[in-house]
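Record features, source TrEMBL:
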TRANSMEM  61-79  transmembrane segment
TRANSMEM  145-168  transmembrane segment
TRANSMEM  174-195  transmembrane segment
TRANSMEM  207-229  transmembrane segment
TRANSMEM  235-259  transmembrane segment
TRANSMEM  286-308  transmembrane segment
TRANSMEM  320-341  transmembrane segment
TRANSMEM  362-387  transmembrane segment
TRANSMEM  407-426  transmembrane segment
TRANSMEM  433-457  transmembrane segment
TRANSMEM  463-484  transmembrane segment
Amino acid sequence: MNGNQSDKQEVLLQQPLIDSKESSSNTHHEETSHHLESILSNTELPVFTRTRLALCVELKLLIKLAAPAVIVYMINYLMSMSTQIMCGHLGNLELAAASLGNTGIQIFAYGLMLGMGSAVETLCGQAYGAGKYDMLGVYLQRSTVLLMATGIPLAIIYIFSKPLLILIGQSPDIASSASVFVYGLIPQIFAYAANFPIQKFLQAQSIVAPSAYISTATLVVHLILSYLLVYKVGLGLLGASLMLSLSWWIIVVGQFIYIKMSQRCKYTWTGFTLEAFSGLPQFFKLSAASAVMLCLETWYFQVLVLIAGLLKNPELALDSLSVCMTISGWVFMISVGFNAAASVRVSNELGARNPKSASFSVTVVTVLSFIIAVIIAIIILALRHVLSYAFTEGETVANAVSELTPLLAVTLILNGIQPVLSGVAVGCGWQAFVAYVNVGCYYVVGIPLGVLLGFYFDFGAKGIWSGMIGGTLMQTLILIWVTYRTDWNKEVDEAVKRLNRWDDKNAALLEN
């Protein structure tokens, strides 16, 4: 008996996981997907052995997806931050203008476009898992058309940014300088519209490394040309923002050239088609739900910063919150990478009709992300008394940051789970449900609780941050419960129903 089990284990381990130079990328995916499902379904093996073998397969897939995705999001974050730093060296007014343009206006467009692009994540992921490869190119183009159209009203808002900023209480000087910076970001809107669908199109096929290479090379070009335009040519704020827009377009062009030239995309990209203009209302339905889901989360943190500005000592509160949120933002990029990996894995397995693999992927990616988050939180706590000196030399701010650090650590741990489960939701097509959860947890619980603790109980910035934790904790618990209760066989059936409508490319594909 033990001899037979050993032979079966050896056969399972010897089966190809991903690499086979003679096979196409699509064949690799099918073999790997069925290989994992066969391991999990093999009841003749002991549970421990089955889990160990499946874990080896899943970890290879996750790391291959998550590591390059983290690099991509980190570099995107770095490009915006480096632009802001360069503007800060021009003067305090320029720093305020760039900060307002980046965190106030640009983040709105980023969240909206990235959220709407998540519809491609669901559809392309499930189509790829089902082997309907030609539909990926259609959905890439359909999403791009929709996002380009969305970019037009956003561009109008950018054009009238000066009066809008004055209307919400900004000083005329800052509003005027910020509007100059924002004008240069108008081309970036349409780069977002092209980039996010392309990015999700590639991720659905587990093609992530090329985007990381392209983004890394672009960052180098961005830093050099930004320095020349801002300081040597003297274009100042406008030069900085125009270069940021150009850098995003370089990423778009680089990724599209890869799609056109790579053999890995020859079945998923078959050229431009008028089918991209069909089914747009239904596509918009899922895209809008995705956008609402992400924007409600993004705006939540912006609202908390605005509320902190109303505290008794607003400068200290804003400084300490800013330092902690910057650290949280960096660490959050890791969670976003796992978010992308979770979405791809779940959507692929549902499309391939592998319920056990989908459920197992959710468990592995959540536990792995949680462990990494706990390790980072422990490091942050250990460095709590010296952490803020990387951002400021003021002892008062350093003490305030030190007091906030335990709450920051809790946030980092929650962020190790919540974004991953949101990625699972995207992979399953639950965007509308998560949008409702976000409204309730963030705006009905989190913000009122933060205001109550910060102002009524006079806990200041700690109270506001505690409110944020309360909202995020409730959201995380709801997502854990819903994911735990999920009938993965039913989710496979739902994915199949959606995919069956794809046989007619002009049909309404997203009807509930």
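Placement of Cβ uses the backbone N, Cα and C atoms for every residue, glycine included.
Most Cβ pairs under 8 A with the transmembrane segment (433-457) among the ranges 61-79, 286-308, 407-426 are made by 286-308. Long-range neighbours of the transmembrane segment (463-484) within the same chain, counting only residues 6 or more positions beyond its ends whose Cβ lies under 8 Å from a Cβ of the stretch, are 300-301, 304, 307-308, 311, 317, 321, 324, 362, 404, 407-408, 410-411, 414-415, 417-418, 421-422, 424-425, 430, 433-434, 437-438, 440-442, 445-455, 457. Counting Cβ pairs under 8 Å to the transmembrane segment (320-341), the stretch among 61-79, 145-168, 174-195, 207-229, 235-259 with the most such contacts is 61-79. Taking pairs at least six residues apart, the transmembrane segment (174-195) and the transmembrane segment (286-308) share fewer than three Cβ pairs below 8 Å and do not count as touching.
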